[in-house]
Amino acid sequence: MVSSSVLGFPRIGANREVKKAVEAYWGGKLSAEDLIKAAADVKKSSWTSLKERGVDLIPSGEFSLYDHVLDHSAAFNAIPKRYQGLGLSALDVFFAMGRGRQAGGVDVPACEMKKWFDSNYHFVVPELSEETDFKLLYNKALTEYKEAKEAGVVTRPVVLGPISYLVLGKAAKEASATFQPISLLPKILPVYKQLLSELKAAGVESVQIDEPILVLDKGAELDKQYASAYAELVSVAPKIMLTTYFNRLDSNINFIAKLPVAGLHIDLVRAPQQLGEVLAAIKSTPIVISLGVVSGRNIWKADFAAAIKYAQTAITALGADRVIVATSSSLLHTPVTLANEKKLTEQQRDWFSFALEKASEVATIAAVLSGSQDPKVAAALEANKVSIAKRRQFESTSDDAVRKRVAAITPDMYDRKSPFATRKEVQAKHLNLPKFPTTTIGSFPQTKEIRTARAKLGKGEISEAEYDEFIKKEIEMVVKFQEKIGLDLLVHGEPERNDMVQYFGEQLTGFVFTQNAWVQSYGSRYVRPPIIVSDVSRPTPMTVKWSSYAQSVSTKPMKGMLSGPVTILNWSFPRDDVPRKLQSQQLALALRDEVIDLEKAGISAIQVDEPAIREGLPLRRSDWDEYLQWAVDTFKLSTAGVTDATQTHSHFCYSDFGDIFPSIQRLDADVISIEFSKSDMKLLHTFKQYGYSNQIGPGVYDIHSPRVPSEQEIIDRLKTTLAIIPDHLMFINPDCGLKTRGWKETEASLANLVAAARWARVHA
């Protein structure tokens, strides 16, 4: 009999209950007890909903109030010294690590964040050293298993594996120069053994241990560590389902097949080609195979026929009792339920499947493979067949004008008219910026008033004209604030924008939008990714109106703000019927038109943000070249149509760029801004290694924290940066947009930034 499994579930609640509770706690409006209760209610609802949909193996332990990797660090006592001895509760220490804290005499910055593999989810990076004293402060997996059991649901606890946890970590400042986090494996294994033995003693039959680094090239270097670690763990643990996702195992399957684990999960949505090799490797072993045939990363309805075909191949090789049908990864990356969408057309609703619907999909596929005679299962199978056929018919249509324009792209369209050195001189005269020019990344605080006005417009409670007048006043206020505080290159603040991707998608053809399809990005920050359903084009200018208005109320130069083609693609739910390259090219051509129109409207600096360009990098190095070629080309295609006098900017955040730095250089943006503040400025070493000929704005403070940096703190960062980056190439800016911050902290932080820039002009 084939079982069904879900690897993880969204933590946010169907109506963002967790976000609201967490932010109320941060604001002092909710007690810790009430926060924990709100979380417990969401967990219970998730578990019971999965059970009602017929899922056999239901996850627990993966819920988090902020981030599951941060949970792991907190539970295992991997708490940096700066958060200890502050008189804070364990919960407040946890949040301080995630977002920093500046209250009650406590002033600590947040830990570094990174993207979770190639997703838009951010995890909090563990800080480790020889001094890290691992111990189990609390067994979160056990606690949630018991919670679920009390609610009448038997679950399979989820635990981040020891080797992935260590490899995802970084050396703390106090670590020795040669320290590698993986060297702590002998120290952390006893804690895992305690955790797993407690689960087994509580009656847990199987545990899901996530080891996603097994899909990376570096996994091949850790075969001995995997062999020794899992030989120890299996002796005390429940049955172990070793879980991988987001890519293929490749040669790593050769040592994985020898591990004494009960099961292995593979992702067949992202890497279907690995099935044959994996089946051959485990056939002679007792290992159960879990097949990720329902996407945990996209929102398209699963094709039951294709999924069943993969599963039948596995059944033929291993037998039905050794096959589990599952989501490809945790459903963390998908919205909670399609039931909350009231404005989609009937046709659109028929295309999509969110987390709860995906749970029904895995249960139905498993039932079909198990020979179910239930009429409801047969009806679901037939309905899926009809639905997929209709979607394929829709996908076969295309916009000939868009396709012809893509086909007509020529090599000269990727390059600016002159090299950077020439452009820099022209721009210096045109913009007349001082040494160490100051700017921001684009957005300013999205206040309650802004959100209320947008909501009223959507409900028809105010007219378009009334809304426009409101936005004009907001823009003028932001511009005057920037002038008063002394910033040099201004922005309009983006009060009209709901999200940096959604805003553009709403003005382009080929997109569909949701009301409540929220997905966690980090902490309490959720986004509603637009969905690309057909060919993309720009009917009319998207940003010219508001950028032009902002320029009209200031004599200082104004930056136009756009999201780049690769970022719009990666932060949307993309089509799965055409290549990502084609989708990115279509987006680039639409943005190229916008960039040219902004220049014609008198905007002399234009920022095309690509924070997701590193995120989209394939997880296997052998796949990099093709991606980097089209990703960089499409950025260049979007920006290269302007004259030398127009200064192009781009922004990147929370990613390791060292391994693709030559591609960052090839973007040929006049100015790039990069996150430096939370990563111990480690990118400076990359700049020292490669050099960088164009201008750069290293983010001098962390906007993802409410903490206000002091003037001296920013000066100290500038001193460190100037040891490597030439002063004539340097901009000074925050490390990201200010949308999520409040005005009080924004004013104070930017005042200190401007003061630090004045210091630099005198002393550097």
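Every residue, even glycine, has its Cβ placed from backbone N, Cα and C.
A TrEMBL annotation is a machine prediction, not a hand-curated record.
In TrEMBL this protein carries:
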- 4-313: domain 'Cobalamin-independent methionine synthase MetE N-terminal' (DOMAIN)
- Lys19, Asn120, Trp571: 5-methyltetrahydropteroyltri-L-glutamate binding site (BINDING)
- 436-758: domain 'Cobalamin-independent methionine synthase MetE C-terminal/archaeal' (DOMAIN)
- Ile441, Gly442, Ser443, Glu494, Asp609: L-methionine binding site (BINDING)
- His651, Cys653, Glu675, Cys736: Zn(2+) binding site (BINDING)
- His704: active site, proton donor (ACT_SITE)
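Features as recorded by TrEMBL, highlighted on the structure.
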residue : record                                                : contacts (Cβ under 8 Å, 6+ apart)
Lys19   : 5-methyltetrahydropteroyltri-L-glutamate binding site : Ile12, Gly13, Ser524, Tyr526
Gly442  : L-methionine binding site                             : Val491, Glu494, Met500, Lys559, Met561, Gln607, Asp609, His651, Gly737
Ser443  : L-methionine binding site                             : Val491, Gly493, Glu494, Arg497, Met500, Met561, Gly737, Leu738, Lys739
Trp571  : 5-methyltetrahydropteroyltri-L-glutamate binding site : Asn120, Met500, Val501, Val527, Pro529, Ser563, Ala612
Cys653  : Zn(2+) binding site                                   : Pro611, Ile674, Glu675, Gly699, Asp735, Cys736
Rounded inter-Cα distance in Å - Ile441 (L-methionine binding site), His704 (active site, proton donor): 13
His651 (Zn(2+) binding site), number of other Cβ atoms within 10 Å: 27
Span of the L-methionine site, taken as the largest CA to CA distance across Ile441, Gly442, Ser443, Glu494, Asp609 (Å, rounded to a whole number): 14
Largest CA-to-CA spread of 5-methyltetrahydropteroyltri-L-glutamate binders Lys19, Asn120, Trp571, angstrom: 20
Env. residues of L-methionine site, Cβ within 8 Å of mean position of Ile441, Gly442, Ser443, Glu494, Asp609 Cβ: Thr440, Val491, Met500, Met561, Gln607, His651, Gly737, Leu738, Lys739
